[in-house]
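Lifted from Swiss-Prot, the feature list:
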- R143, Y152, K206, R214, K286, R317, R408: RNA binding site (BINDING)
- 350-390: region 'Interaction with the phosphoprotein' (REGION)
Amino acid sequence: MSVTVKRIIDSTVIVPKLPANEDPVEYPADYFRKSKEIPLYINTTKSLSDLRGYVYQGLKSGNVSIIHVNSYLYGALKDIRGKLDKDWSSFGINIGKAGDTIGIFDLVSVKALDGVLPDGVSDASRTSADDKWLPLYLLGLYRVGRTQMPEYRKKLMDGLTNQCKMINEQFEPLVPEGRDIFDVWGNDSNYTKIVAAVDMFFHMFKKHECASFRYGTIVSRFKDCAALATFGHLCKITGMSTEDVTTWILNREVADEMVQMMLPGQEIDKADSYMPYLIDFGLSSKSPYSSVKNPAFHFWGQLTALLLRSTRARNARQPDDIEYTSLTTAGLLYAYAVGSSADLAQQFCVGDNKYTPDDSTGGLTTNAPPQGRDVVEWLGWFEDQNRKPTPDMMQYAKRAVMSLQGLREKTIGKYAKSEFDK
C-alpha cells in the first residue's frame, strides 16, 4: 500500500516514488520452476585432434576462438567419470543415484551449436598427452582473467604454470605475459557453464585424479555471493551461531537484505547444489547474495569483523550510497559487545569436578556494560548511554584500526581507519 504525503499550504496529496533503475534479483529455484535443464551449446563437428591443434596454436598466436576452446574442453573432458556413493539431486533434478557412474556433462544438457565453426590452424605435433594439462590451463585462465590487479594476476598465472608443470615438466605458458585475450572468455555463457560444471563435478569427487582442474574453476563457486560470505565470516569471527548473529541486526536496511538472502527453498546450505553456481550456470542474472544487492548488510558485517581484528575484512569493498552513520554505530556496538566479553565455559571435567557459576553474586553498576553477548541486555545498556558510542567504545575501535597500514581506497579498512583513528 502506497503512503500519501500532504502538502501543508494547499492540502495537495502526492505519492512519493523513485525510478525503478535496478533489475530485481533472480533466485535459482525460480529458474528450475521454469526449466528442468541447463543448456550447453557445443559444436561437435571437428575431431578432438583437430580442436587440440586449433586451441594450442590459437593461444600461441593470440587469435584463439572461444568456440574452439569450448568444443575442445567438451571433447577432452566428456569421458571423465566418477562413481556416486550417495544419491545426488538438486532443485528436483535427479543427477544420479548411489552407485551410478556419471560425467561432468551430466550436470547440463548438451545441445548442438548452430553456425559455421571458425577456421583454425592445425598442429599435428599435438597428442592426447596434452589433454592431461591443456584443459587445466584453459580453465585456469578463467580465474586469471577475473582479476585486473597486476600483482595478483601474476601470482595466479605463476600458480597455474606450476600446476601444469606438475603434470608436464616441459610445460611452457602458451599466453605471453601481458596478453589478455582470455579476459573476455567469462562473457561467453557456454564457457562459464563448462567452468561451473567442472567445479561442481570435482567438488563432489574431490579425490578424483583430475581434481586439480579446480585451480581455475573454484572461483565459480559462490560467484557474486559476497554478502553471503560476509555472513559466514561474521559467524566465524564472533564464534556465534547464525541465529545469534541475526539477532544483532539492528538496522532496517540490513534486516531487509537479510530477508532477501534467506528466502527459503534456495538450497543455500546444500553443499552439492546447483545454487553456488547460480551465475555461471545462468540461473540468475542478478544474484540475491551479492554485495551490490546487499550493500548495507555487507558493510555492517565487514565493519564488525574488522573491529574484531579480521585481516580479511580490511580489503572488503566499501559500498556507495548507504546510511553510514547508523550502520557504523551498529557495527561498533556489536564488535564492542563481542570484544568485551569472552564466551568461556568449562567443556570437559574429570569426575564431578565441574564449575558452577553463582548467579546470585555480583551485579552491574549503572554505567557498566553487560558481561555477556545478549543483544537485549546490550541494547538496554546502550539506551542508558543515550544511544551514543561511549568514550570506551571509541577507544576500542581506535585500538582495532590504529595499526592498519597500506589500505586501498574505497575499502572497509580505509573507511574504519579514517572514522576511528582521528
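Cβ atoms here come from the backbone N, Cα and C positions, even for glycine.
Counting other Cβ atoms within 10 Å of each Cβ, the lowest count among the binding-site residues R317, R408 belongs to R408. One residue stands out among the binding-site residues R143, K286 for having the most other Cβ atoms within 10 Å of its Cβ: R143.
Considering other CB atoms within 10 Å as the measure, the emptiest surroundings among the binding-site residues K206, R214 are those of K206. Secondary structure from DSSP puts Y152 (RNA binding site) in a helix.
In this chain, none of the residues that are 6 or more apart from Y152 (RNA binding site) has a CB less than 8 Å from its CB. Computed over the region 'Interaction with the phosphoprotein' (350-390), the whole-number mean pLDDT of the model equals 81.
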